[in-house]
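Novice: Before I ask anything, let me first share the structure, which is written out below as structure tokens.
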Amino acid sequence: MKILADENMPYVQQLFADFGRIETVNGRKLTAEQVQDADVLLVRSVTRVNPELLALNSKLKFVGSATIGTDHIDQEYLASRNVPFSNAPGCNATAVGEFAFIAMLELAQRFNSPLKGKVVGIVGAGNTGTAVAKCLEAYGIEVLLCDPLLQQSGDRREFVSLDSLIEKSDVISLHVPITKQGEHKTWYLFDEQRLNSLKQNTWLLNCCRGEVIDNRALIKFKQQRDDVKVVLDVWEGEPNPMAELVPYIEFCTPHIAGYSLEGKARGTYMLYQQLAKVLNLTADKQMDSLLPNLWSEQLSVAEMSNERALLQLARFVYDLRDDDELFRKQFLNPQGFDQMRKNHTHRREFSALKVGNTGQTDVNWLSNLGFSGVEL
Ligand SMILES: NC(=O)c1ccc[n+]([C@@H]2O[C@H](COP(=O)([O-])OP(=O)(O)OC[C@H]3O[C@@H](n4cnc5c(N)ncnc54)[C@H](O)[C@@H]3O)[C@@H](O)[C@H]2O)c1
Ligand SMILES: O=C(O)[C@H](O)[C@H](O)COP(=O)(O)O
């Protein structure tokens with residue numbers, strides 16, 4: 001069996017070698033010729049799986065995408081050909097949640113305006129939106145959720161409309177899939193009009209898909225509204241973000257919010273399990289065996305009395321400033337965006353770090369934030 005896999009998918013050899021012969025490819029440049037004799041195709045978000053890509057292949061038994069998003073997959077077409085498909089829902093949700101939380105702490109530090117006391121609106125309350133809410137609520141931040149689809153489906157949480165969220169939130173974090181049709185379509189959800197409705201000093205973060213914000217409108221808006229601060233992990237027209245937009249953005253990253261080591265491993269592992277199920281193969285490998293040990297270091301936090309201390313702890317895990325600096329240097333280079341993604345040093349999730357308390361202050365809430373807690 002020939003397994004064609006994106007070269008940026010970790011742990012493919014460890015997990016899939018028993019199932020067949022693995023060939024790794026550049027997912028962005030994948031051609032129909034390369035795919036023609038594959039039995040299994042494992043992709044990431046940069047590969048458009050559509051009739052053109054599969055035109056020469058008549059033996060495909062499974063397509064897997066190690067991602068949450070599925071907008072790059074023509075699922076109807078796969079179904080019409082009876083090719084089973086699976087993505088990896090939730091695989092990197094914790095990574096995105098922690099990324100957005102860290103970005104908010106960075107903004108707070110940069111603008112000397114504490115996160116504590118602000119109201120954060122989350123648009124899209126699925127896996128990643130819920131993961132951000134979990135971090136924020138652990139820290140005692142008020143969270144508003146907008147998700148009309150979940151609301152209609154009977155989700156028992158409290159929801160608000162998008163207009164109300166915009167009106168009440170100091171910070172807005174976007175966590176919707178990209179959809180081009182229907183009542184709740186998200187393509188340019190934040191168009192010129194909606195951007196203009198943001199209240200003074202709003203912070204806007206986009207960690208879902210670039211086209212949820214009209215990036216041209218955002219340039220125009222930022223030219224008038226320096227009070228609004230923006231963090232972008234995703235960009236309209238990736239891998240070529242609009243150069244004029246970058247100077248207006250506080251923290252720029254190349255679509256790596258979900259790039260924790262755990263998140264990527266989980267993505268590959270979920271496909272391993274799905275392929276085994278579809279082809280009736282034995283999946284006896286464990287995900288934990290893939291990951292390096294937790295940090296041997298245990299950080300002792302005698303007290304966590306101010307936001308600066310929390311930011312220091314978060315920076316120990318992931319320093320967003322490094323990725324932002326690199327982005328500004330490299331995004332205009334040919335292949336710059338993709339190179340940054342390919343060479344990204346996967347960060348660990350909060351759970352990889354044990355925090356112990358030698359002081360009197362109660363820091364147990366750090367466990368709710370995701371750190372491995374240790375009582376001392
Ligand atoms: N930057 C990254 O690295 C990264 C990582 C993971 C996911 N993503 C993107 O984030 C998206 C969301 O991921 P998720 O795991 O939270 O997905 P999810 O499916 O668990 O949740 C998305 C939620 O958005 C809601 N939604 C849809 N349209 C909406 C609208 N118009 N207004 C409000 N809510 C709406 C849905 O009802 C759903 O509950 C993915 O589809 C993917 O495109 C990006
Ligand atoms: O949808 C997702 O899961 C993310 O956008 C994903 O992390 C993107 O990473 P890629 O597949 O492009 O490596």
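Backbone N, Cα and C atoms are what each Cβ position is placed from, and that goes for glycine too.
So TrEMBL lists these for the protein:
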- R209: active site (ACT_SITE)
- E238: active site (ACT_SITE)
- H255: active site, proton donor (ACT_SITE)
- S45, T67, Y259: substrate binding site (BINDING)
- D147, D233, G258: NAD(+) binding site (BINDING)
- 9-277: domain 'D-isomer specific 2-hydroxyacid dehydrogenase catalytic' (DOMAIN)
- 113-257: domain 'D-isomer specific 2-hydroxyacid dehydrogenase NAD-binding' (DOMAIN)
- 290-370: domain 'Erythronate-4-phosphate dehydrogenase dimerisation' (DOMAIN)
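For each listed feature, how buried is it and what is near it?
Specialist: Around R209 (active site), the same-chain residues at least 6 positions away in sequence with a Cβ under 8 Å from its Cβ are G69, D71, V176, P177, I178, T186, V234.
Annotation note: E238 (active site) sits in a coil segment as assigned by DSSP. Taking Cβ-Cβ distances under 8 Å and a sequence separation of 6 or more, the neighbours of E238 (active site) in its chain are G210, H255, F337.
Listed in sequence order, R44, S45, N87, A88, C91, N92, G258, G267 are the same-chain residues at least 6 apart in sequence whose CB falls under 8 Å from the CB of T67 (substrate binding site).
The C-beta environment of D233 (NAD(+) binding site), restricted to residues of the same chain at least 6 apart in sequence and closer than 8 Å, consists of F99, L205, N206, C207, T253, P254, H255, I256, A257.
Model confidence over the domain 'D-isomer specific 2-hydroxyacid dehydrogenase catalytic' (9-277) is summarised by a mean pLDDT of 98.
When DSSP labels each residue, the domain 'D-isomer specific 2-hydroxyacid dehydrogenase NAD-binding' (113-257) comes out as 45 helix, 26 strand, 74 coil, counted as helix, strand and coil in that order.
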Novice: What does DSSP assign Y259 (substrate binding site), in three states?
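Specialist: For Y259 (substrate binding site) - judged by DSSP and reduced to three states - the answer is coil.
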Novice: Measuring Cα to Cα, how far is D147 (NAD(+) binding site) from Y259 (substrate binding site) in Å?
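Specialist: Rounded to the nearest whole number, the Cα-Cα distance is 25 Å.
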Novice: Around G258 (NAD(+) binding site), how many other C-beta atoms are within 10 angstroms of its C-beta?
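Specialist: Other Cβ atoms found within 10 Å: 23.
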Novice: Return the members of S45, D147, E238 (the recorded positions) with CB less than 6 angstroms from at least one atom of ligand 2, or none.
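Specialist: Within range of ligand 2: S45.
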Novice: Please check the recorded positions R209, D233, E238, G258 against ligand 1 and give me the ones with CB under 6 A, sequence order.
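Specialist: The qualifying recorded positions are R209, D233, G258.
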Novice: Run through the domain 'Erythronate-4-phosphate dehydrogenase dimerisation' (290-370) and tell me, per DSSP, how many residues are helix, strand and coil.
Specialist: 37 helix, 7 strand, 37 coil
